[in-house]
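The structure under discussion appears below in the form of structure tokens.
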Amino acid sequence: MRSVGSPSVVTRRNVKAHSNQISGVNDNSVQEEDLKLWQKHAQELKVKVLEQVQDQLSDLLDKALIENVPPFYQKQPAANGTHPSSRSQRMDDGKVFMARPSVLDELFEISHIRTIYHMFIAVLLIFFLSTLTVDYIDQGRLVLEFDLLFYAFGNLGTVTWAWIIMFAYTLLVPYYAMRLWGSLYHTFPSKLGLSLSTGLLLSAVQICVLGEFPVHVVVQYQLPPASRFIVILEQIRFVMKSYSFIRETAPLVMNNPPKEGENPRFPTLSSYLYFLFCPTLIYRESYPRNSHIRWNYVFVTVGMIFGCLFYGYFVLVRLCVPVFRPETNQPFTKRSMVLAVFNSILPGIMLLLLCFFAFLHCWLNLFAELLQFADRMFYKDWWNSTSFTNYYRTWNVVVHDWLFYYGYRDFLWLSKRKFRTAAMLSVFIVSAIVHEYALSMGFGFFYPVMFCLFAVFGVVFNFTLNDKRQSPVFNVIMWACLFVGQGVQVCLYCQEWYAQTRCPRTGNSFLELVTPRSWSCN
């Protein structure tokens, strides 16, 4: 019998211990390699996260500096100890354009938000299939007749030549009128007389070409609704564009007298032509531009515009026409009115979202991409608003900027900043009148539903549900008001449309023109 400490036993123990050491070393080396790989991956991830955070912080800081530093410098005294005039301060503190994407383009990069977009596409497919099914059951064949769509966009030839006339006038007449005025301003004996005469003459021509001419085309040729809206909305756009150009160019000429032997500084025609097509209503000689056009983005955006067009068609045909068409329309009673309003809430809010997405996102981004216009802040996150004050500011930034700089701030400048409430009310009233004008001319009848909701309830909500309301409950209240408001508009405008068809006017007296037919037509 071998002893415990015999050489053979000791040898086996040493071999076993050595093998354990080797396996342990191998395990440790594997773990170290895994740890190194993980550390390398974590370091790369850390660098990416820091880069994204740094970019976002940089954008926020740039925005804060641009928005806050200019007013700070404008409040500082000049070198001679005097303060700059209120006129120069107001002109310097204008809108600043910067390269930034649209909010929805950023949100669609998040899979959860993109799923909501996919849900709307699924609903569009359901509308498409349901229409095919109903047509097959009623007519025994698969047919899609977009008769309402073709009717709404009828007579596009008249719309085209009317638009060409308005565009040619807006491009040439205001530009060369301002150029002539600018060339004479610093040498003319009476600067005030020259400015007044030029302003009055240009205003008279504006009223004829951009005022009466579009209305004459709409009424004389009896254009269908969508064609009417194209002419009227382009009329409003050209008026706002030309006013912005004049408003921004006149101070530039007055505050920069030319030196001896030099011509006055004046914007180029190409910069004004670019402004007429770029998606902003604030004129600048130059804007931040992108380096190239993303044609894939252009084609996708065009597809989304057509998708929204057909989406709106299906909403009207499937959810509105069956409720309000003449053979199913009920007499005008309180009960029928309440039921019709609640039946109109769903199509009303869907049409609101479609108009927002089709125009403020798709249409404006389409022109911005084609023109390489880099500032895509056409709207903000209005859906998160807890106050109607914030909703009005963020729903349509393009129009809000024009109203703010040329309406609200100019009113404050004229009143020496004494009547802020009156300035806000005046902007609301002007906006309500323009909205009602567009709807009245588009539908072909006067029914001031939009004006009452905008100028009455909108003003009340603006002062009661203001920026001090930060609770999520007020976001629910805002959405509830939007739902009910859209239901009221869709209900009343649809009822009036069919009432105008069933009970046409028998005369052209003023009282008959402004009295809704749905109140008396049974």
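Any Cβ shown, glycine's included, is placed from N, Cα and C.
Any TrEMBL annotation is an automated prediction that lacks curation.
The region 'Disordered' annotation in TrEMBL covers 1-26.
Residues 108, 143-145, 307, 310-311, 314-315, 317-318 of the same chain sit 6 or more residues outside the transmembrane segment (116-137) yet have a Cβ under 8 Å from a Cβ within it. Feature annotation from TrEMBL assigns transmembrane segment to 116-137 (among others).
What TrEMBL lists as transmembrane segment is 149-172 (among others). Residues 209-210, 213-214, 217, 221, 223-227, 230-231, 234-235, 238, 241-242, 269, 272-273, 276, 309-310, 313 of the same chain sit 6 or more residues outside the transmembrane segment (149-172) yet have a Cβ under 8 Å from a Cβ within it.
Residues or ranges marked as transmembrane segment by TrEMBL: 192-215 (among others).
Annotated transmembrane segment per TrEMBL: 266-283 (among others), in sequence order. Note on the transmembrane segment (266-283): residues 94-95, 97, 167, 170-171, 175, 178-179, 182-183, 237-238, 240-241, 244-245, 247-249, 252-253, 364-365, 367-368, 371, 373, 375, 378, 398-399, 401-402, 405 of its chain, located 6 or more positions outside it, place their CB under 8 angstroms from a CB of the stretch.
Here TrEMBL flags 295-317 (among others) as transmembrane segment.
The transmembrane segment annotation in TrEMBL covers 337-367 (among others).
With a cut-off of 8 Å between Cβ atoms, the residues of this chain six or more beyond the transmembrane segment (419-439) that come close are 229, 232-233, 236, 399, 403-404, 407-408, 411-412, 448, 450-451, 454-455, 458-459, 462, 493. Among the features that TrEMBL reports, transmembrane segment is placed at 419-439 (among others).
Look at TrEMBL and you will find HIS435 tagged as active site. Listed in sequence order, the residues of the same chain lying 6 or more apart from HIS435 (active site) and placing their CB within less than 8 Å of its CB are MET450, PHE451, PHE454.
Residues 386-389, 392, 424-425, 428-429, 431-433, 435-436, 439, 474, 477-478, 481, 485, 488-489, 492-493, 496-497, 500, 513-514, 516-517 of the same chain lie 6+ residues outside the transmembrane segment (445-465) yet bring a C-beta within less than 8 angstroms of a C-beta in it. If you look up TrEMBL, you'll see 445-465 (among others) marked as transmembrane segment.
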Positions whose Cβ lies under 8 angstroms from the transmembrane segment (192-215), at least six residues beyond its ends:
162, 165-166, 169-170, 173-174, 177, 180-181, 184-185, 231-232, 234-235, 238-239, 242, 246, 441
